[in-house]
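To start, the structure itself, in structure tokens.
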């Protein structure tokens with residue numbers, strides 16, 4: 001499954017923008033919708049169990065990855081997955097909530113007491129009476145407590161009115177406030193009244209009735225099972241969307257897969273814009289829900305259907321963009337051939353499938369007549385190895401931490417008196433840091449390598465978790481929110497690029513599905529679910545502290561394993577170098593043609609012998625793309641050493657050139673001996689080569705015999721002598737002039 005060359009990066013950016021915008025817009029608001037549908041009856045249910053359904057069900061992504069790779073139906077699976085996102089998740093937003101009713105809570109103290117006081121006509125002294133003096137006559141209460149229960153009211157007195165009734169009052173008085181009230185003493189007044197009766201009625205309520213809103217439990221259970229069924233089916237069929245998009249994006253990038261972050265950043269940008277705009281829109285909406293009964297204070301309900309409407313529109317746009325993708329199944333074979341030529345794609349698979357002696361130059365394979373098929377057992381052999389298995393474990397652990405922070409960070413900050421404004425600022429900083437991290441991820445990977453990016457992510461996680469665990473003021477968490485980009489965005493980009501370079505193109509969708517299932521599915525699901533259990537038993541701060549220590553231990557173990565793997569590779573390379581057959585003698589043989597060939601090939605062997613291990617690693621054509629690159633300071637130091645070696649080599653070449661000129665002048669024969677120089681030269685050549693190496697004596701009879709019939713001029717032999725000694729081995733450059741000078745004197 002590969003996009004054709006007509007594809008443009010704008011299509012990938014648009015699809016990632018709409019797709020990830022909708023997914024991350026729907027995920028946080030799903031819990032709010034479940035609460036509004038009646039899940040308040042089950043406290044904390046959305047916080048602990050909802051992430052499990054949304055994350056663990058992402059483990060279906062490997063299954064759909066296998067289907068897309070096996071049947072070469074990548075585009076069909078992608079379109080069907082996006083369509084399932086639209087159908088199933090939009091349906092959740094239109095589920096009607098359960099019926100609500102308002103009921104009262106039984107009061108814990110005495111019900112209202114009505115007291116009626118009748119006065120008879122006549123002139124007499126009337127004293128103000130209080131409810132507490134009669135209601136609590138046995139046993140008598142002290143004066144301060146009585147003062148708290150005396151009503152503060154005025155009596156309307158009129159001599160011309162037949163009946164005067166005091167206003168009916170309901171008052172709630174707390175006994176603990178008795179000491180703060182002013183004590184009132186009974187007052188006596190003389191009021192002349194006619195033959196009438198006055199009725200005084202007062203009602204005192206010790207506590208106002210409390211009313212709560214309850215949901216119909218049967219309807220809540222029905223809605224819960226319905227939403228659960230929709231989530232399970234929808235997530236199972238919609239899980240491979242992100243996996244296939246990531247795979248197609250990586251295959252479009254080709255050898256520039258490190259630039260995946262530049263494409264992925266558009267998804268984070270869309271997420272931030274959508275959460276900000278839709279959140280403000282929902283906050284400004286108010287809806288009224290019918291509640292049976294009276295007495296309840298109507299809560300302020302928000303219209304969360306807006307989020308699902310926006311989700312449906314934007315996901316439909318993503319579906320339209322996905323139809324513009326062109327998948328070419330035949331491109332698998334050409335991609336494999338291209339990867340073999342550049343020797344950077346699948347080193348592990350090539351070493352295990354092909355023999356070490358075969359090469360593409362010796363046996364070229366036509367992709368149309370003899371394509372290579374990689375079974376799934378090769379994929380499992382790769383990912384189950386120590387090198388890639390540890391990387392996948394780190395991906396799961398980072399997903400575990402991200403799921404825990406995503407679920408319980410704001411909970412912990414709320415316990416520290418954090419406000420919603422703080423939560424908004426934290427979200428903005430997190431999105432900005434992710435955008436920046438995705439934008440520079442390829443530069444960071446080129447600078448330090450994939451494995452060291454994982455080191456940095458684990459170290460930042462350790463510092464972030466430990467810092468949060470010791471917080472006393474919620475606002476000082478803001479500096480650590482900047483690390484969100486390094487702990488999530490950079491690690492995710494490095495894992496995708498690293499694993500993509502390790503598997504053949506035909507299995508990349510399956511590999512990306514496994515990575516997504518471990519990081520986004522199982523990792524974040526376990527972080528949300530197990531995090532809730534740990535928070536209940538130990539508390540939020542202690543759980544953050546324990547997670548920070550676990551991150552530190554993971555960093556140490558992972559770095560130790562990678563170091564041991566590097567040592568084993570060096571030992572294997574040394575053993576292979578020892579087993580390479582070396583010529584018995586690199587000394588040139590006494591023939592003109594062989595002298596010329598050896599003279600041209602000797603500088604290469606000399607330069608190779610002077611190369612350091614760092615230079616060999618940099619110039620190794622079999623070096624995979626995922627191997628950790630050298631540090632910048634090592635490269636600078638190596639460049640300085642190279643410059644120094646070049647300067648020293650030029651000086652040595654000048655000295656050797658002067659020595660060769662002097663040797664030519666001293667070893668040149670006199671002109672009078674030209675007639676008889678052919679025979680002595682033929683006899684002297686074996687003597688010269690006999691002293692040049694232990695293996696050259698075996699070639700003396702063979703090489704000197706064909707040379708004798710050829711009457712070559714002395715000038716040609718003299719011209720070849722400097723070529724033979726142009727690059728002599730160490731230890732052989734000085735004896736040669738002495739041998740050539742003493743040879744004529746022996747005759």
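Each Cβ is built from the backbone N, Cα and C atoms, and glycine gets one as well.
Swiss-Prot has this to say about the protein:
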type: COMPBIAS; residues: 597-606; note: compositional bias 'Polar residues'
type: COMPBIAS; residues: 652-668; note: compositional bias 'Polar residues'
type: COMPBIAS; residues: 675-685; note: compositional bias 'Low complexity'
type: REGION; residues: 597-625; note: region 'Disordered'
type: REGION; residues: 652-747; note: region 'Disordered'
type: TRANSMEM; residues: 15-35; note: transmembrane segment
type: TRANSMEM; residues: 75-95; note: transmembrane segment
type: TRANSMEM; residues: 222-242; note: transmembrane segment
type: TRANSMEM; residues: 271-291; note: transmembrane segment
type: TRANSMEM; residues: 306-326; note: transmembrane segment
type: TRANSMEM; residues: 391-411; note: transmembrane segment
type: TRANSMEM; residues: 420-440; note: transmembrane segment
type: TRANSMEM; residues: 453-470; note: transmembrane segment
type: TRANSMEM; residues: 485-507; note: transmembrane segment
type: TRANSMEM; residues: 520-540; note: transmembrane segment
type: TRANSMEM; residues: 546-566; note: transmembrane segment
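Here the transmembrane segment (453-470) sits apart from the transmembrane segment (75-95); fewer than 3 CB pairs are under 8 Å, leaving out pairs fewer than 6 apart in sequence. Note: the stretches the transmembrane segment (485-507) and the transmembrane segment (391-411) are in contact (3+ CB pairs below 8 A, sequence gap of 6 or more). When the stretches 391-411, 420-440, 546-566 are ranked by Cβ pairs under 8 Å to the transmembrane segment (271-291), first place goes to 420-440.
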